[in-house]
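Engineer: If you scroll down you'll find the structure; I have some questions about it.
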């Protein structure tokens, strides 16, 4: 009664003053404090003094102030009766100041105050005396302070209080006595405190409370009757606490609609756990170490719309959902489910979203009874077969995710009755074929990770397809990706990553916990006409994943064939002359012969690629997947790496052998044993085998590209392998260069011409120079890729792989044939049937006639070196007794004839 009289009195005064204000306009505007901003609302004034660095309340506030914002200042105290004349003030904001204490009477006279904000201050307890008799107060914010104590009389007289914030403080218990007087309270948050226990009848007088937040505390136990009296409670948040047991006290909350107790330590959900909560709409209890769930736990919840159970790793049985007929979204991930009951759709006729990912489901029932299903997520399970009835007549299904299963069999009509399906993910399965019936409406298709799925997919079955991921780039050729690449170049990664966002359209079906995939399939087809005619397909085709020809140009094709033919012919001649029957092979010739064999293998690997290019000419996409994933490509890649590495290693041994040989000769020392050279050769072969096999043992293969060779860019493992090879080979070339530089520097001018077999020294030097020059582009591109320098086009990389790398296979034998006099001698001996090194068998060859020497020497002189009482410096075996050599181990000559250098 008194309140009505007071309100009538204030209304009368307001009307009178309004008439006065109408006669004297602008009066109130002039009374606005200097640092503040004021706004007229009829007779009343809104004053904004926020973030003005104030240390006290501004003066000259209008008595008609209805809104006063003093937040984000430096106010440290509020004197008593400082606002006693602000009878019309309805909202007062003091947040973000330095208030540590509010005295009694600080809010005296604020009979109309409805909203009081005191958050983000330094209060250590609720200012109980200051709050007394704020009868109109409806919202009180005390959050983000340091409050650890709430006096029992804190809220006395706050009969109209509807909302109370006490979160983010230091409370250790529920302020039971202080809350007893708040019978009109509708929403309260005590979150982000240090509360350990909720006692019985903690909220017994809060019969009007609708929302209660207790999350992010340290609650480990609940009284069995702690929620008694909360007859109107609809939302209860117990998330992020330390609860060990299911909160059985909720059984008294008959009107509860939203319940959250996720991220606790609850291990079990008992039978009929929610029997007293028939109004529940949403339950969140994921991220609990749940080991057991009663089969009847979720029965008879007719209003339940969403059920989320993530991370319940010990659940092995699908819950019985009898009576929970309104469920629209069911998420049960990270459990141990092995099967689904056949009656799942009978119990859930209104189900729209089903997420059973990360389980162990092996067999799927028929979902034909779930006519409202729009999204099914079954990724990361163990499903083997999709039958024709599994998804039959799901006319509303728009997204189906079956990735990371073991699906090997899909019935041809499995998707024939899914007219609304626009997103299908079957990536990382064991598919060998893919049915296309009924998928004409697809816009997103993912088949990547099915290595056995090598057939091309006809594009005419997917007229609306916009985004696709295939096992092989060649399968993108059918969707004109090659043609697009010719005009637009390689697609930008940022554009690819945002392409899905361009198509997304949220139709607001449900608020899901994870809407990343759900929104991805909801497309707007009418936004841009240009987008309708483009297909984003990955992995994209290109020079290393060609659609038409393995070799991109006729220049490359002709060059490869020329290298192959020359390597076969020239290396065959070198091998025939070096390894002639009944002839002794010295160490340096043995190395040259082995290098020729390796060069032949390199030519063979290039010949295989050239043959594949010829056989698949103009239609490589049809056979590309079969070729690069087959054994033939693996063998070709192995041979190319093995041959290339062995050639470099043998060339390194040859360079070192020449250096040691010259050193022994010039110092009249006995040569090192031939056994050391043989051991080095064996080591080279073993090291090359290890290098060539390592891509297979490390999990990667040579089939990353149809060239069957590790790429200089792209896949990190392949690029890392190539960079390691380049570093190793560069080290070999460095060792060879140092050895030969040291060799030439140690010899006096003209001394090399007097050394036996100096032609071999010069030949190895020529090989070193040629191979080093040819290897520079490979090293440069490898390090460019490592540094992400992309100024070199993939076409150039491809040409280097096809032409530069195998080029030594034909140049090495050509250099030997054209410039080494040993070849002329050996080919003549081979032609006439003579035995190699016949001069070493005849003791009469103490000297060579001047006429013969003149024919063989470019300077018409004979190079002779006399070794007095020293062993002959040929590379004969240490214990040779074969009659084919016709000489003894320590056979001595007074003078020896030598093959000239020129």
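Including glycine, each Cβ sits where the backbone N, Cα and C put it.
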Engineer: Candidates are 60, 869; I want to know which one Swiss-Prot annotates as N-linked glycosylation site.
Structural biologist: 60
Engineer: Identify the topological domain of residue 662 and of residue 702 in Swiss-Prot, and say whether both name the same side of the membrane.
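Structural biologist: Taking the topological domain names from Swiss-Prot at face value, residue 662 sits across the membrane from residue 702.
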Engineer: Can you say which of 527-547, 590-610, 611-631, 821-841 is given as transmembrane segment in Swiss-Prot?
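Structural biologist: Here Swiss-Prot associates transmembrane segment with the stretch 590-610.
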Engineer: If you check Swiss-Prot, which stretch out of 719-739, 740-760, 845-865 is marked transmembrane segment?
Structural biologist: 719-739
Engineer: Report the nearest neighbour of residue 797 (N-linked glycosylation site) in space among the glycosylation sites 74, 205, 788, comparing Cα positions.
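Structural biologist: So, of the listed glycosylation sites, the one sitting closest to residue 797 (N-linked glycosylation site) is 788.
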Engineer: Judged by the number of other CB atoms within 10 angstroms, which among 60, 74, 788, 797 is the least packed of the glycosylation sites?
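Structural biologist: Output over glycosylation sites 60, 74, 788, 797: least Cβ neighbours within 10 Å is 788.
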Engineer: For the repeat 'LRR 7' (182-205), find every same-chain residue at least 6 residues outside the stretch whose CB is under 8 Å from a CB in it, and list them.
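Structural biologist: Apart from its flanks, the repeat 'LRR 7' (182-205) reaches 143, 155, 158-174, 176, 211-230, 232, 237.
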Engineer: Report yes or no: does the transmembrane segment (635-655) come within contact of the transmembrane segment (559-579), defined as 3 or more CB pairs under 8 Å with a sequence separation of 6 or more?
Structural biologist: no
Engineer: Using a Cβ-Cβ cut-off of under 8 Å, list the residues of the same chain that are 6+ residues beyond the ends of the topological domain 'Extracellular' (611-634) and lie near it.
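Structural biologist: Sequence-remote neighbours of the topological domain 'Extracellular' (611-634) are 451, 454, 456, 471-475, 477-478, 541, 545-551, 557, 560, 696, 701-706, 708.
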Engineer: Would you mind splitting the topological domain 'Cytoplasmic' (580-589) into helix, strand and coil residue counts from DSSP?
Structural biologist: 3 helix, 0 strand, 7 coil
Engineer: Please report the number of other Cβ atoms within 10 Å of the Cβ of residue 205 (N-linked glycosylation site).
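Structural biologist: Step by step: centre on the Cβ of residue 205 (N-linked glycosylation site), count other Cβ atoms within 10 Å, giving 16.
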Engineer: I'd like to confirm something. Which of the glycosylation sites, 60, 74, 788, has a Cα closest to the Cα of residue 205 (N-linked glycosylation site)?
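Structural biologist: Result for residue 205 (N-linked glycosylation site): the nearest of the glycosylation sites is 74.
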Engineer: Where does residue 205 (N-linked glycosylation site) sit by DSSP, helix, strand or coil?
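Structural biologist: Looking at the DSSP assignment, residue 205 (N-linked glycosylation site) belongs to neither helix nor strand, so coil.
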Engineer: Roughly how many Å lie between the Cα atoms of residue 60 (N-linked glycosylation site) and residue 788 (N-linked glycosylation site), rounded to a whole value?
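Structural biologist: Distance between the two Cα atoms comes out at 67 Å.
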Engineer: Whole-number Å distance between the CA of residue 74 (N-linked glycosylation site) and the CA of residue 788 (N-linked glycosylation site)?
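Structural biologist: Given the Cα positions, residue 74 (N-linked glycosylation site) is 53 Å from residue 788 (N-linked glycosylation site).
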